[in-house]
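Q: The structure is given below, and queries will be raised subsequently.
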Amino acid sequence: MVKILVLALVFSLAHAQDFAELQGKWYTIVIAADNLEKIEEGGPLRFYFRHIDCYKNCSEMEITFYVITNNQCSKTTVIGYLKGNGTYQTQFEGNNIFQPLYITSDKIFFTNKNMDRAGQETNMIVVAGKGNALTPEENEILVQFAHEKKIPVENILNILATDTCPE
């Protein structure tokens, strides 16, 4: 099974530069972080994806999402700027360095490192999809990424059902 996961990762990374699959409507399925407080309900980094666009050969990635604060959905759009190492940088609740790691036609696994204004670092994994839950194979990939990022498995939250924000 590990060989399958490695092959899936290699395949997805080899095709990661074909960002056409990234564009369109997306929903946050799962979010995980080494700092659970940041992604719990009402947490500043618990975001619900809505749309991704790429510009300038995807050197700029625009992500539109909602954050729920005080039971109110707040729509936000950020633009990530591609860095030389394949990561993107943007500002939201501090500085964020993110990267799409695993891409299929209906799922995207992102890693994100957030450094908030107080200097606290939070390592995250965000899985966006077209509305379907993770398959058992995708869940194994998620758990593997969580181990690599030192994110406890119990900090993996399925949040698709808690998304009450507008389309």
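Including glycine, each Cβ sits where the backbone N, Cα and C put it.
Keep in mind the model is a prediction, meaning the values are calculated, not measured.
Pulled these from Swiss-Prot:
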type	residues	note
DISULFID	C54-C58	disulfide bond
DISULFID	C73-C165	disulfide bond
CARBOHYD	N57	N-linked glycosylation site
CARBOHYD	N85	N-linked glycosylation site
MOD_RES	Q17	pyrrolidone carboxylic acid
SIGNAL	1-16	signal peptide
Q: Through the lens of DSSP with three states only, how would you label C73 (disulfide bond)?
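A: Its secondary structure by DSSP: strand.
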Q: With a 10 Å radius around each C-beta, find which of these disulfide-bonded residues (C54, C58, C73, C165) has the fewest other C-beta atoms nearby.
A: C73
Q: Taking only the recorded positions C54, N57, C58, N85, which one has a CA atom nearest to the CA atom of C165 (disulfide bond)?
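A: Among C54, N57, C58, N85, C54.
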Q: What is the number of other Cβ atoms found within 10 Å of the Cβ of N57 (N-linked glycosylation site)?
A: 9
Q: Give me the Cα-Cα distance between N85 (N-linked glycosylation site) and C73 (disulfide bond), rounded to a whole Å.
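A: N85 (N-linked glycosylation site) and C73 (disulfide bond) have their Cα atoms 33 Å apart.
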Q: Quick check: of the recorded positions listed here (C54, N57, C58), which one has the Cα closest to that of C73 (disulfide bond)?
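A: Closest recorded candidate to C73 (disulfide bond) by Cα: C54.
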Q: At a 10 Å cut-off from the C-beta of N85 (N-linked glycosylation site), count the other C-beta atoms across all protein chains.
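A: Counting Cβ neighbours of N85 (N-linked glycosylation site) within 10 Å gives 7.
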